[in-house]
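Enquirer: Take a look at what Swiss-Prot says about it:
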- Met1: N-acetylmethionine (MOD_RES)
- 1-36: topological domain 'Extracellular' (TOPO_DOM)
- 37-61: transmembrane segment (TRANSMEM)
- 74-96: transmembrane segment (TRANSMEM)
- 97-110: topological domain 'Extracellular' (TOPO_DOM)
- Cys110-Cys187: disulfide bond (DISULFID)
- 111-133: transmembrane segment (TRANSMEM)
- 153-173: transmembrane segment (TRANSMEM)
- 174-202: topological domain 'Extracellular' (TOPO_DOM)
- Glu201, Gln279: Zn(2+) binding site (BINDING)
- 203-224: transmembrane segment (TRANSMEM)
- 253-274: transmembrane segment (TRANSMEM)
- 275-286: topological domain 'Extracellular' (TOPO_DOM)
- 287-308: transmembrane segment (TRANSMEM)
- Lys296: N6-(retinylidene)lysine (MOD_RES)
- Ser334: phosphoserine (MOD_RES)
- Ser338: phosphoserine (MOD_RES)
- Thr340: phosphothreonine (MOD_RES)
- Thr342: phosphothreonine (MOD_RES)
- Ser343: phosphoserine (MOD_RES)
Amino acid sequence: MNGTEGPNFYVPFSNKTGVVRSPFEYPQYYLAEPWQFSMLAAYMFLLIVLGFPINFLTLYVTVQHKKLRTPLNYILLNLAVADLFMVFGGFTTTLYTSLHGYFVFGPTGCNVEGFFATLGGEIALWSLVVLAIERYVVVCKPMSNFRFGENHAIMGVAFTWVMALACAAPPLAGWSRYIPEGMQCSCGIDYYTLKPEINNESFVIYMFVVHFAIPMIVIFFCYGQLVFTVKEAAAQQQESATTQKAEKEVTRMVIIMVIAFLICWVPYASVAFYIFTHQGSDFGPIFMTLPAFFAKSSSIYNPVIYIMMNKQFRNCMITTLCCGKNPLGDDEASASASKTETSQVAPA
């Protein structure tokens with residue numbers, strides 16, 4: 001084995017020289033230089049500085065403007081709530097541990113940080129699944145006369161939390177575990193050991209199949225069908241030009257969110273899968289640290305995409321920031337609000 005396994009940790013460094021110490025008790029400067037830990041801390045500080053205000057603003061603006069409280073926006077707001085969980089439950093912890101060079105909060109703190117990071121990522125993934133299904137049902141119309149309403153949105157939000165908890169909670173109950181990963185300053189699922197006494201192998205397989213592969217299959221199926229339907233409708237001119245444009249723009253926004261999610265999380269999932277399927281292989285701490293910390297940037301991109309591609313929300317945000325007055329005028333926002341009734345969300 002090219003790493004060192006302890007009772008509640010796995011350090012990707014051989015202990016042949018006797019330098020390996022518990023990541024809960026001693027700085028891990030034998031894994032990387034102190035300046036590299038400082039860089040991680042600076043990165044986490046940047047994510048907190050950007051992630052909190054932009055996600056909080058998304059929630060606040062929606063509360064302030066009734067026109068934004070539409071069913072589909074509930075799912076988008078769910079993403080903002082998940083991101084805030086990651087910021088407060090995960091990023092602040094990782095910032096502090098990176099400054100110290102090891103996970104100073106012990107196994108309990110590791111469980112908390114790992115839980116919130118996993119919960120936030122899974123809520124985001126399952127929210128994108130709900131958005132993909134909504135787009136498929138609204139645009140492809142497999143069920144005639146279906147309208148995505150408030151009850152559907154609430155059920156969709158509840159579904160994302162149930163599925164996310166089904167992934168994030170088991171390690172707290174003894175099925176798998178959360179351990180420090182990479183440079184040992186942040187925590188995640190144990191992909192490094194089989195650990196039969198906690199059935200770790202079965203949980204990792206369950207997680208990859210149920211909470212990664214299946215959501216990806218659903219998302220790609222829905223958007224594959226959607227692309228064909230949009231092209232066919234455009235060719236046959238079955239919808240009005242305004243409706244077609246509105247649906248295309250809403251769909252484009254959601255697709256960009258999916259692509260951004262894949263860019264952030266696929267590297268992490270791929271590295272985790274490689275480590276799990278190559279138990280005991282030789283890999284350095286940076287190998288897992290880079291994709292793990294890159295995945296954390298997902299807390300920023302969803303609200304940014306939403307703000308950039310949604311004129312109605314953008315106008316409401318400007319009105320809120322300018323103390324109730326929009327220097328650009330509110331006509332554009334009103335026009336955008338009435339573009340599409342089917343999707344119940346204003347496109348860009």
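A Cβ is built for glycine as well, from the same backbone N, Cα and C atoms used for every other residue.
Walk me through the surroundings of each of these features.
Expert: Here the topological domain 'Extracellular' (1-36) has Cβ contacts under 8 Å with residues 100-104, 106-107, 110, 177, 179-180, 182-185, 190, 192-193, 280-288 of the same chain, all six or more residues outside its ends.
Outside the transmembrane segment (37-61), and at least 6 residues removed from its termini, the chain residues within Cβ reach (under 8 Å) are 28-29, 68, 76-77, 80-81, 83-84, 86-88, 91-92, 94-95, 98-99, 101, 183, 185, 289, 293, 296-297, 299-300, 303-304, 306-307, 313, 316-317, 320.
Note on the transmembrane segment (74-96): residues 40-41, 44-45, 47-48, 51-52, 55-56, 58-59, 62, 104-105, 109, 112-113, 115-117, 119-121, 123-124, 127, 130-131, 134, 150, 153-154, 156-157, 160, 164, 185-186, 296, 298-300, 302-303, 306, 345 of its chain, located 6 or more positions outside it, place their CB under 8 angstroms from a CB of the stretch.
Across the topological domain 'Extracellular' (97-110), DSSP assigns 9 helix, 0 strand, 5 coil.
The Cβ of Cys110 (disulfide bond) lies under 8 Å from the Cβ of Asn8, Phe24, Phe103, Tyr178, Ile179, Pro180, Cys187, each on the same chain and at least six residues away in sequence.
Counting same-chain residues at least six beyond the ends of the topological domain 'Extracellular' (174-202), those with a Cβ under 8 angstroms from any Cβ of the stretch are 3, 5, 8-12, 23-24, 28, 31-32, 36-37, 40, 90, 93-94, 97-98, 101-103, 110-111, 113-115, 117-118, 272-273, 275-276, 279, 285-290, 292-293.
Of all the Cβ atoms in the protein chains shown, 13 others lie within 10 Å of the Cβ of Gln279 (Zn(2+) binding site).
Remote same-chain residues near the transmembrane segment (203-224) are listed as 122, 125-126, 128-129, 132-133, 135-136, 163, 166-167, 170-171, 175-176, 189-191, 255, 258, 269, 273, 276 (criterion: CB distance under 8 Å, separation of at least six residues from the stretch ends).
Here the topological domain 'Extracellular' (275-286) has a mean pLDDT of 85 out of 100.
Taking Cβ-Cβ distances under 8 Å and a sequence separation of 6 or more, the neighbours of Lys296 (N6-(retinylidene)lysine) in its chain are Met44, Leu47, Met86, Gly90, Phe91, Thr94, Ala117.
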Enquirer: Using Cβ atoms only, which residues of the same chain lie under 8 Å from Glu201 (Zn(2+) binding site) while being at least 6 residues apart in sequence?
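Expert: For Glu201 (Zn(2+) binding site), the qualifying residues are Leu194, Lys195.
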Enquirer: Which residues, given as numbers and ranges, are at least 6 beyond the ends of the transmembrane segment (153-173) yet have a Cβ under 8 Å from it?
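Expert: Distant contacts of the transmembrane segment (153-173): 71-72, 74-75, 78, 82, 111, 114-115, 118-119, 122-123, 126-127, 129-130, 134, 189-190, 203, 207, 210-211.
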Enquirer: In the same chain, who gets a Cβ under 8 Å from the transmembrane segment (253-274) while lying at least 6 residues past its ends?
Expert: 121, 124-125, 128, 131-132, 135, 188-189, 191, 208, 212, 219, 223, 287-288, 290-292, 294-295, 297-298, 301-302, 305-306, 309-310, 347-348
Enquirer: When DSSP states are grouped into helix, strand and coil, how many residues of the topological domain 'Extracellular' (174-202) land in each?
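Expert: Here the numbers are 6 helix, 8 strand, 15 coil.
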Enquirer: Let me spell it out: take the topological domain 'Extracellular' (275-286), skip the flanking residues so only those 6+ beyond its ends count, and list any with a Cβ under 8 Å from a Cβ in it.
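Expert: The answer is 1-3, 12-13, 28, 31-32, 182-184, 191-194, 204.
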Enquirer: So which residues does the topological domain 'Extracellular' (97-110) touch in its own chain, when a touch means Cβ under 8 Å and the partner is 6 or more beyond its ends?
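Expert: For the topological domain 'Extracellular' (97-110), the far contacts come to 8, 23-29, 34, 37-38, 40-41, 44, 178-180, 184-187.
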